[in-house]
Amino acid sequence: MTTAGATKAVHAKAPGKINVFLKVGALLDDGYHDVATAYQAVSLFEDVRATPADDFSVSFTGPIDTSSLAVDGSNLAIKAATLLAHRAGYRRGVHLEIEKHVPIAGGMGGGSADAAATLLACDTLWGTDLGRDELMELAASLGSDVPFAFAGGTAIGTGRGDKLSPALAAGQFQWVLALADFGMSTPEVYRELDRHRDRHAQDIFPAAIAPQVDTAVLQALRAGDAHMLAEVLHNDLQAPALHLETQLASVIQLGEENGALAGLVSGSGPTIAFLAPDLDGALELQIALSAARLTVVRATGPVHGARIVSD
Ligand code: C5P
């Protein structure tokens, strides 16, 4: 990684995710909702290269238009680096170069993956060596999905989504992702769900009952069976996301008419995740959706979490 006289750099990567199941419970006093989710990490990775610097900065490369992203202290990767420096008593800074592959504001945890990869890259670069437990604790304070981007694989998330327990998983699932040319705000989608629940008082989730992941979801993941999983894909944020962006319903329909076992809004949207029966089915679906002028990428899951890469 280091040669005499060369600038030292550490490269880490972390994956995006699909919530194959997301049940939203009560709105808590802290403004977050109690959730129960099954996460699967998928093969769209954020690459973060960290080099020593006197202050904190970030720049972006890669195939995605990143012009909308903040590069100041409000950027989650910068927040991750400053948080780690503060915790470890490190007095200098870092430059982060992020090669983005996960859609921005797409409901796939791209910002969370940036933060997770940054924590690992800076911990290695600075030799702060905090260890996994402390890095996971910092991850949770950065955002609900950051611990999972760090852990990867397949996991159940409760609390805000940050309390993880591993789930057994077999095989590989084939996904086709239809990307939107706009982003959606996670708080706004949660607020739309709350408005709906207020309008229909019978839908209010009882605060005393914690949401749970259906056992059928765990069975399908354990079996590595796409047909079983397709039957039980579920996202409570789908209805509010479709209410805010009505055109997404026709994208789901198009995918399901062209061989997808099922389509689902990913996280708070607007990315639509289609589960394909196998690789051939995924390729056919990719062609059909591309022909309809949608922007489409394929991904497989589960994949590993945040890792150092030796270039
Ligand atoms: O944790 P994160 O910063 O990703 O959350 C963004 C926003 O999404 C929160 O401020 C909150 O409005 C909403 N959220 C929620 N319940 C969760 C996770 C997120 O209401 N479990």
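Yeah, the Cβs are placed from backbone N, Cα and C, and that goes for glycine too.
As written in TrEMBL, here are the features:
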ACT_SITE  LYS17  active site
DOMAIN    75-153  domain 'GHMP kinase N-terminal'
BINDING   PRO103, ILE104, ALA105, GLY106, GLY107, MET108, GLY109, GLY110, GLY111, SER112, ALA113  ATP binding site
ACT_SITE  ASP145  active site
DOMAIN    218-287  domain 'GHMP kinase C-terminal'
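Feature map: annotations from TrEMBL on the structure.
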| residue | record | CB count, 10 Å |
| --- | --- | --- |
| LYS17 | active site | 32 |
| PRO103 | ATP binding site | 23 |
| ALA105 | ATP binding site | 19 |
| GLY107 | ATP binding site | 28 |
| GLY109 | ATP binding site | 32 |
| GLY111 | ATP binding site | 26 |
| ALA113 | ATP binding site | 35 |
| ASP145 | active site | 30 |
Within the domain 'GHMP kinase N-terminal' (75-153), residues counted as helix, strand or coil by DSSP: 46 helix, 8 strand, 25 coil
Residue pair ALA113 (ATP binding site), LYS17 (active site) - Cα distance, angstrom, rounded: 9
Neighbours of PRO103, ILE104, ALA105, GLY106, GLY107, MET108, GLY109, GLY110, GLY111, SER112, ALA113 excl. site residues, C-beta within 8 Å of centre, ATP: GLY16, VAL102, GLY267, THR271
LYS17 (active site): secondary structure state under DSSP, collapsed to three categories: strand
Recorded positions clustered about LYS17 (active site) [Cα within 10 Å; pool: GLY107, GLY111, ASP145]: GLY107, ASP145
Rounded inter-Cα distance in Å - GLY111 (ATP binding site), ASP145 (active site): 9
Helix, strand and coil counts within the domain 'GHMP kinase C-terminal' (218-287) (DSSP): 39 helix, 11 strand, 20 coil
